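Taken straight from TrEMBL:
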- 35-85: region 'Disordered' (REGION)
- 36-53: compositional bias 'Acidic residues' (COMPBIAS)
- 60-76: compositional bias 'Basic and acidic residues' (COMPBIAS)
- 241-283: repeat 'WD' (REPEAT)
- 284-326: repeat 'WD' (REPEAT)
- 370-412: repeat 'WD' (REPEAT)
- 504-538: region 'Disordered' (REGION)
- 520-538: compositional bias 'Basic residues' (COMPBIAS)
Amino acid sequence: MNIVPCLTWVKQGSVNKSPQKVLIDKEDLRRVIEETKDEIEEAEEEEAEEEEGASSSQINDKKTIKDTKNKRKITDMDDDDDDYITSKYGLDDYDDDDEQDFDPVGGFDKVALFASNDDDPYITDKREDQSDDEDVEIQPTDNLIVTGRAHEDASHLEVLVYNEVEQYLYLHHDYLLPAFPLTVETINYDVGNTGDSGCYAAIGTMKPTIEVWDLNIMESLEPAFKLKGASKKKRKKSGTVGGHSDAVLDLSWNSVVGNVLASGSADFTIALWDLSELKVVTSLTQHSEKVQCVKWHPLEAQSLLSGSFDHTVKVYDCRNPNATNRTWNLQGEVERIVWNHFSPMHFFASTDNGQVFYFDIREDKPIYKFKPHNQAVTGLCLSSQIPGLLVTTSDDKKLKVWDVQDNKPQHIIEKNLKINELHCVGCCPEAPFVFAAGGDKEAKVWDIRESLKVRQHFFNRMPVKLQTECEGDEADISEDSGDEAVGAMNTLTIQNEQTVITDKTQATATVKPKSSTTSKQKKTKNRKRRKKLDRLDL
């Protein structure tokens, strides 16, 4: 398994040029171990209580399980002191910098004694370290793509670097996640009221707690903040508004009022979070099924859109959401929703039966609907700058490009990205024809201007700069007379930390370093993950 179920783009200049690296000391590592241990125990207890509390036939089993847990707790209480933690995880000499005590086989904590190769007297060639530093730097023309990726044995939040001008895509850094990722959203705000406006990625998983990671910090073992979930039992007992009690299916940051984040959950609720206080201020309970998607209006701070498995889409005025909302019934479970940022009174919604609806929030019925796919429309995205350019993805493995200008959907091209079922799609903020899609195998980036049909059809709507770039190079563009011919176009793929390009016969070639006469040069090139397409010889 190597699934990319969610992704989002980060605007150029949002992150620092040189992200910081975390240096973990012994006390921090001990604290992380203890907190993780407590969270696991609490989750196990809640899960056992839910399984045992349903019927009388489970009462006897409950006593047995409880006794077992009590025995384990007593053991843990005896062991859960500093001496136990220190001995179990080898923290005695974790951050001991005494060079005389160095033991090359003494444990992981002694592998790196020097913060930099410049300080290590045993490393005389500093050039390789400088090469790695170049890969760490984020260039002004770089975009980040933040993806959730699930492997068989672990899940990660990955930060990819994409550059449209130089055409490279590589993995910059990643973070270990506690569960399968379902949704990711970028936040440009001073989360937690720390005094620093940063760039964060909020991630929703199969667990009820939302993790918020600082994208300016690499190699971190824990998120910068947590928007904690609460069990149904605790929420009922406290009688106050709390976090979610089930998986978080979607997130949306309010770019107009930066301290507000909306989350939709499998517990049938929508939570509105105050990022300054890291707590829920309002919980919306109008849906009768899982809340699959939420989306803040791009211009109006109070308007929130939501879609659910109950076949409805709702729009709320969050100044009084329980009294001021409107509902539309669709003909299937809602998969995606998106506001039309070119026409703020309108939005799109897709369903699990392959349909897309277009609504005016002032009207009771959709303006139009069409069926771009025969299976669930899992991705729905408008171009960041080209009016009427809509991209859809589906479980049918295809990405399709549409012109929806003048309320008349017109199919332009389609492409099988060769990554099996597609789960999400997003458009680059600065490059309106560049889209990233996540699927069952990996994530791919495709500049749809590689299609002559796309270039010709949308040419008059392009900004002048893009028109100038496209003029006179039609001979270099594929003559995609049919839909399948689009498979001849180039896509960028991030795979095993290497940049991959799909050639004009759909054969995948992994970029490898050129041959070299010295072993040092080979090692340096093998470690560099950034590969530029103009150096390829396919």
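Numbering starts at 1 and runs along the chain as it is shown here.
Glycine is no exception: its Cβ is also placed from the backbone N, Cα and C atoms.
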| field | Secondary structure content of the repeat 'WD' (284-326), with strand meaning DSSP E or B | value | 0 helix, 21 strand, 22 coil
| message | On average, what pLDDT score does this prediction assign to the repeat 'WD' (370-412)? | response | 96
| Per DSSP, how many helix, strand and coil residues does the repeat 'WD' (370-412) have? | 3 helix, 22 strand, 18 coil
